[in-house]
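Chemist: Okay, here's the structure, questions in a sec.
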Amino acid sequence: MITANKGLSLVLLIPNLFALVSGGLQYVFDVRRRIFRPHFSQFWTIWMKFFSIALVIITQIYVGYKTKNIGWNFFSVVTYCFVLFLQFAEQSTLRVPMASLLIFWLLKVVTSLLILLFSPYIAITSMARLLTLITLFCSLVCFISEVYVPPCNRVWYSDDTNEVEEKGIRPSEVRYANIFSKLSFSWISSFIKFGYTNYLKESDVWLLPPDERSGNLIIGFEDWWIYHSKNKRRSLFLWKLLFFNHWKLVALITITKLIQDVLAFVQPTLIQKTILFISSYTSPNPESPSRGFIIAILVLVANFLQTLLLQQYNQLIMLLGMRWKTELLASIYRKSLLLSSSARQNRSIGDIINYMAVDTQKISDLPIYLFIIVSGPFQIALALSNLYHLMGYSAFTGVAASVILFPCNIIVANVYKKFQSILMKNKDSRSKLMTEIINNIRSIKLYAWETPFLQKLLHIRNTKELSMLKKIGFITAIGDFAWIFTTIIVTTVAFGAFIIFHGKTQALTADIVFPAVSLFNLLQFPLAMLPTVISSLLEASVSVSRIYEFLIAQELDYNGVQRFPATEIPHEICLEIKSGTFSWSKKTLKQQVTPTLRQINFVAKNGELTCIFGKVGAGKSSLLEACMGNMYKNSGSVFQCGSLAYAAQQPWIFDATIRENILFGSEFDPELYEKTIHACCLKRDFEIFTEGDQTEVGQKGASLSGGQKSRISLARAIYSQADIYLLDDVLSSVDQHVSRDLIKNLFGPEGFLRTHCVVLTTNSLNVLKEADSIYILSNGKIVEKGNYEHLFVSTNSELKQQLSEFNDEKDTQPLPEHTTSYPSTQISLAPSIHVEGLETYSSSERKDSSNKYKSRKRNPIRQKVTEDDKGKCVAQTDELVQRGKVKWHVYWMYFKSCSIGLILLYFFFIISGIMMNVATNVWLKHWSEENGKSSSELNPSPYFYLGIYLFFGFLSCAFISSSSLTMTVLCGIRSGRYLHDSMLKTILRAPMGFFETTSSGRILNRFSNDVYKVDEVVSLTFMFFFRNSIQVLFILGVICYSAPLSLLLIVPLFFLYLYNRAYYVRTSRELKRLDNVTRSPLYAHVQESLSGLSTIRAYGMQETFVEENDLRIDTNHRVWFMFFSSSRWQAIRVECIGDLIIFCTAFYGILSAIKGSPNPGLVGFSLSYAIQITQGLSFIVQQSVDAENNTVSVERILEYINVKSEAPEIIPENRPPCEWPTDGAVSFNHYSAKYREDLSFALNNINIEISPREKIGIVGRTGAGKSTLAMALFRIIEPTEGKIEIDNEDITKFGLYDLRSRLSIIPQESQIFEGNIRENLDPNHRLTDKKIWEVLEIASLKNCISQLEDGLYSRVAEGGANFSSGQRQLICLARVLLTSTRILLLDEATASVHAETDAIVQQTIRKRFKDRTILTVAHRINTVMDSDRILVLDHGKVVEFDATKKLLENKDSMFYSLAKESGLI
């Protein structure tokens, strides 16, 4: 050995042993598995390291030769040779320096410095000194090279390279960071610097590491779920899955936390050592000054190591929470695509969004508290162990006192769990109703129903949800007080026991009191956190149970339909149902269900058009759903041969461009695409739009008319190249002439789909003549089948009876010869099936078809936006993202909503509580100094001192608990109520343009996540921020009082602290805003997907939509990952400032003692507070940032509160007479209007006069402005120029409620609301049941509703899903019949109903509204042929307005051409 000192010899062994063991393990399990790619681009650094190692080896050999110490030097040479090999392997295979090499070189530097520092005190030769100097120099060179120069030039990992090329987003630096960079979070420094100087955009945020991406995480989650599916037992199974699927991370978190706890409990020991050292200077034999300085250094090192481990622990628990949330979000979405119809009826879209927005958040927050369950008992054990060594058995007596409070806390916990469960149900109810309101806002405005829906939602919100939240707040406050006061009781009892057992032999002096106080403060954390842990665990348990019940809900039976590949046989059966009986709910032992379809025998063949005909509610749409497997098959069998395309009755249009809606993930084929849009009569529509088929349609196709939506949905089906086409009444919402064009282009002798299997439900008698077979449905049964000629000549034919009822209609005329024709080239739609869980296949080419169009791979439904696409016409605006600091106005509005008086009351309570807390420690200092002074008694008047201590402690707990109750319950709930109610009222009063340009996901995000933050998070964050800020100010005051010279260090550290906060807060604030912005598209995508679930399933697009959902999850979570990583970056730097303050306090106390001014009581008092400042400073920064970030939710709510409203509901000084309008005269005077300022005129210079009781038909081609004219009458859009008068009164001078409630409308889209039938007809509850039944009989609904179990109070599912489209339209008719207005507007009211139902509506209107003014917007020209006058619109202008007869006599009129195209002439 080179030294005789055995201690240093052992120190020198440590680096070598570490290199051999750690380096060997890292090489075996990591390096050698990687691909060998020699890469020496950093030429000079690698050769510099090789040269340094070679120099050390040569020197080591030389020294060994000279000193004859062969064994030690041989061992060292072997170690360096192995290190040289590792350096070469690192350079050849790794992108990141090896952790073992970095630590080895650091240890070498430290050990070499130790040898040189202690060389005066140990025997060391000149040769050994030379070796040490060379080793130090070479180790320092290698260490610096390893840290600052990567092994090779930056080369991305392959998975990062793909992401960079596809998205242009930078990979996360954490993958390329060395171990020291990871420990200090320096890898994120460049990003924080960028955020400090730039406003962050989504594209600036780095990618997630691959292990954190949803696509990778969900694989393990699903594998675990499937593997253990047989052992699933309630929600415990999901708990096990969440933990065991990440057991390595859980184990690492636990180990890290336990080591950090040990270091935390080293502090009281060092405080005791410091006090004992200072106390020695009050005796004749003081200790050596070097011992005191070593203690001070140990204080610094222990705190620094604790800081590193604590921040690693915080990073890991956030990572675990994010993984849990990712897996749950992904699994919930995947499950929602698989839910059965009955399961969907019990879980609305609002419920599912609530699972994703609220429940997953509660579960992801749980790891913050969860590991205290392990750490807490360990901390308590350490505290009691140290207290035992400090105070003996008396330390345990205090613990017994805490046991008394356990039953109380158990009761509190049970009550809390019960209340939390009720609260979540109330949140679900509110979310569900809010979703209904947003989805049906147009109807609410047209019917002037804002007030009843407002009252209904406020009842749920204020009477139920906030009331329960207030109860939870009181219960939490009681639990908090009980557990905080436990520490005071434990301390009091322990000190009392010490006096009793040891009072006569030992004084309770500072070296016992303040270490004990520090230990009791450390003991306070697990005890004080226990209520929070219990409440968080209970909240998460409720959420886990809810999610688990959702994940095990019934799924569609994909085996209900037997699917086979398409064949080459020309007329083979493509779709067949044999003796099928179907229902929407599954029959169980407890639940008997009535089948919707009974004994269905149905066949659809290749190359044939099969039509399904029947009255409203007969089961036409249900039959198509049964063919797709979306209903429960109670008996029989269903066979499907080939791929499927589906066009729904209510067209599903997602938020993208028109082209993307048509392609729906298919490759773009210009020729096929061109023929598709011609066949679907879309060419002219594209010419209308500024951007053609690149126009963004908005959510639910907000910028499209009903006919355009239907034809785009139809074009999607045509373009998909399927074998089987299921078309659900696609002709109902298009103009009559367009309908005839579609019939010829698609179903005629040379139609586009003539060589394919087409199943069409229809109310159009015209298309039946083209059908190869017709099925007549009635009450869920097939009552007749045959072709048109067969059914028509049959004496008792159901079809013939209906035709005879309408034999006076011209709708049954043959197709006119002049209908637009298209090339007769046959287009092959090569079949391919895309059904989840089945093998993808492609049929052979049909004999009579070209093989030009093959089945195509599905692509993302939304294409990447290029620079050329920017600036295109969009239907929805980007979400507004505020920049810079949250404005002071936002804070002021929040505190104002809390009540300034209550805020001041909070400050009174918290300042008083902290003052009382300081008073308890000042009293302990005074008591400890008095003890031992008296020669006659070691501890004079102990019970007096204990009584005062207990009194101060009780006051402190009472004040602090009162402050918590004031801020969270009184302020938080008051603010939440005000902000939510104000936002709700504003949104209900917002113009329709707001909803057309704002996705429902954004709005629902405000009402779910942002309202949750305001209710439960913002007040809590401000409470902790104010509490910690005041507490730190008191601590700094104590330190400055006890160590005045520490101001010399504290003042510059304070400015460094402020700079660090300012440097960090800009990035953090922008990340938090981006987090809010990127969350909205996730919920919007969920809502959009669930709205079009049947379409997505039919096309087999589940996987594409799942990938889109995963992408949106990752987009949000890469922002969140950078947010909490940047939080760790600032915390580790701020806490280092706190560590220096603690070191300064201890060093000053030691220095003062050495210089002759020992004061152990004051030093102990100041140190007991100083050790709190590290966490305190970090908490202040984090909580100030959290306060600002969470206040962003307030800012977002205020943004919606300030949305421009419609005109007032009521203008008191301009209220119309009760009987207004008495006549029903309507006049448009030079009326012009736009939907938005940036758009062209939708109506231009309209001048018409409509007499009282006149019947006006409004016609025109698609996009002519027919529905816009109707919206203008209801002031859904406001005039840009001119005015509308009703009975000579300008309608703009009246409030909107007064106007809209005096008009009646049957809208184009029949929207009904979840609840019951009565609420849908009379939400104001003004009418009797008798009156409603009378109206239902007139509307032909009485028989249908009376058969329901609960009659008028029967449940209506979300969106009226349990009623057919025709029934929903008749409910809208019933609403009109319940009003007594003079003006009725029919906006294509019978577009989607059966001809017989159409007749019912028309006859009812003619009979019941003959003395009223009626304006009819029509697609079917025959429905307005008996109108008094016809208004023809084109491009928003009046083209013709005259009597029907006169217009028909004029063969040059547009109306004449429309009537002729419809076959009515």
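Each residue, glycine too, has its Cβ placed from N, Cα and C.
A quick note: this is a predicted structure, and the numbers were derived from the prediction, not measured.
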Chemist: Per Swiss-Prot, does Arg95 fall on the same side of the membrane as Tyr393?
Modeler: no
Chemist: If you count other CB atoms within 10 A of each CB, which of Lys615, Lys620 wins among these binding-site residues?
Modeler: Lys620
Chemist: Just give the helix, strand and coil counts over the topological domain 'Cytoplasmic' (416-480), going by DSSP.
Modeler: 61 helix, 0 strand, 4 coil
Chemist: Which residue among the binding-site residues Gly614, Gly617, Gly619 has the fewest other Cβ atoms within 10 Å of its Cβ, if you could check?
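Modeler: Comparing Cβ neighbour counts within 10 Å for the binding-site residues Gly614, Gly617, Gly619 gives Gly617.
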Chemist: When DSSP states are folded down to helix, strand and coil, where does Gly614 (ATP 1 binding site) land?
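Modeler: Assignment for Gly614 (ATP 1 binding site) reads strand.
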Chemist: In sequence order, which same-chain residues at least six apart have a C-beta under 8 angstroms from Ser621 (ATP 1 binding site)?
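Modeler: Residues satisfying the criterion: Gln649, Asp728, Asp729, Thr761, Ser1364, Ser1365.
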Chemist: Using all protein chains in view, find how many other C-beta atoms are within 10 Å of the C-beta of Val616 (ATP 1 binding site).
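Modeler: Result for Val616 (ATP 1 binding site): 24 other Cβ atoms within 10 Å.
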Chemist: Once the DSSP letters are reduced so that anything not helix or strand counts as coil, what is Ser621 (ATP 1 binding site)?
Modeler: helix
Chemist: Neighbour count, 10 Å Cβ-Cβ cut-off, for Ala618 (ATP 1 binding site): what number do you get?
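Modeler: The Cβ of Ala618 (ATP 1 binding site) has 24 Cβ neighbours within 10 Å.
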